[in-house]
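Novice: Provided herewith is a single structure, encoded as structure tokens, for subsequent inquiry.
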Amino acid sequence: MIYTGKLTGHEERRIAIVVSRFNALVTEPLLKGARDTLNMHGVDEHHISVFWVPGALEITMVSSQLAESGMFDGIVTLGAVIKGDTDHYNLVINGVANGVSQVSLSTNTPIVFGVLTTDTLEQAQQRAGAKAGNKGAEVTVSLLEILSLYDDIKQLS
């Protein structure tokens with residue numbers, strides 16, 4: 001058998017979106033892309049919960065609480081970390097990426113990583129709905145596909 005994630009059958013999914021307020025000029029369009037994608041694929045608006053956090057580092061903490069609660073089928077994480085002149089950029093992005101991955105694996109909750117890492121604000125804006133598409137929408141499609149595959153795997157056992 002060959003299995004591939006489907007973008008249908010998600011009407012009853014409960015989805016959490018954890019989004020950073022820092023760099024809101026970028027994260028607000030990412031959030032819009034994620035919500036529009038969920039709506040387009042039939043997820044009931046009442047089943048979408050948005051959790052604003054101060055910055056990218058807080059994404060992991062809140063995602064962990066949400067995953068452990070068992071209230072959500074999947075989680076979308078959104079943020080924008082723009083490189084500066086210090087090593088802070090590397091510390092933040094490595095911490096968030098590793099943390100989100102660990103939470104997903106330890107709780108068996110699908111969590112997709114939509115935290116942009118760019119050199120400039122302009123690059124981030126391009127990836128948040130301008131010329132380079134909307135990464136919030138893209139990672140949300142990935143989440144729906146993964147949730148569908150999880151369903152397929154459960155049916156195998």
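Going from the start of the chain as shown, residues are counted 1 onward.
Even glycines carry a Cβ here, placed using N, Cα and C.
Checked Swiss-Prot, it gives:
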ACT_SITE  His88  active site, proton donor
BINDING   Phe22, Ala56, Leu57, Glu58, Ala80, Val81, Ile82, Phe113  5-amino-6-(D-ribitylamino)uracil binding site
BINDING   Asp85, Thr86, Arg127  (2S)-2-hydroxy-3-oxobutyl phosphate binding site
Novice: Just to verify a number: CA distance, Arg127 ((2S)-2-hydroxy-3-oxobutyl phosphate binding site) to Val81 (5-amino-6-(D-ribitylamino)uracil binding site), in angstrom, no decimals.
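Specialist: Each residue's Cα considered, Arg127 ((2S)-2-hydroxy-3-oxobutyl phosphate binding site) and Val81 (5-amino-6-(D-ribitylamino)uracil binding site) end up 12 Å apart.
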Novice: Do me a favour and check the Cα-Cα span between Phe22 (5-amino-6-(D-ribitylamino)uracil binding site) and His88 (active site, proton donor); whole Å is fine.
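Specialist: Cα-Cα distance, Phe22 (5-amino-6-(D-ribitylamino)uracil binding site) to His88 (active site, proton donor): 15 Å.
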Novice: How big is the Cα-to-Cα gap, in Å, between Leu57 (5-amino-6-(D-ribitylamino)uracil binding site) and His88 (active site, proton donor)?
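Specialist: Their Cα atoms are separated by 11 Å.
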Novice: Among Ala80, Ile82, the binding-site residues in question, whose Cβ has the most other Cβ atoms within 10 Å in this structure?
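Specialist: Ranked by Cβ atoms within 10 Å, first place goes to Ala80.
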Novice: Measuring Cα to Cα across Phe22, Ala56, Leu57, Glu58, Ala80, Val81, Ile82, Phe113, which the record gives as the 5-amino-6-(D-ribitylamino)uracil binders, how far apart are the two most distant ones in Å?
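Specialist: Across Phe22, Ala56, Leu57, Glu58, Ala80, Val81, Ile82, Phe113, the widest Cα separation comes out at 16 Å.
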Novice: Counting every protein chain present, what is the number of Cβ atoms, excluding its own, within 10 Å of the Cβ of Ala56 (5-amino-6-(D-ribitylamino)uracil binding site)?
Specialist: 25
Novice: Can you tell me how far the Cα of Ile82 (5-amino-6-(D-ribitylamino)uracil binding site) sits from the Cα of His88 (active site, proton donor), in Å?
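Specialist: Here the two Cα atoms are 10 Å apart.
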Novice: I need the CA-to-CA distance for Phe113 (5-amino-6-(D-ribitylamino)uracil binding site) versus His88 (active site, proton donor), whole Å please.
Specialist: 19
Novice: Return the count of C-beta atoms lying within 10 angstroms of the C-beta of His88 (active site, proton donor), excluding that atom itself.
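Specialist: There are 11 of them.
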Novice: Using all protein chains in view, find how many other C-beta atoms are within 10 Å of the C-beta of Arg127 ((2S)-2-hydroxy-3-oxobutyl phosphate binding site).
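Specialist: I get 22 for this one.
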Novice: Measuring Cα to Cα, how far is Val81 (5-amino-6-(D-ribitylamino)uracil binding site) from His88 (active site, proton donor) in Å?
Specialist: 10
Novice: Applying a 10 Å Cβ distance cut-off over all chains shown, what neighbour count does Phe22 (5-amino-6-(D-ribitylamino)uracil binding site) have?
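Specialist: For Phe22 (5-amino-6-(D-ribitylamino)uracil binding site), the 10 Å Cβ neighbour count is 18.
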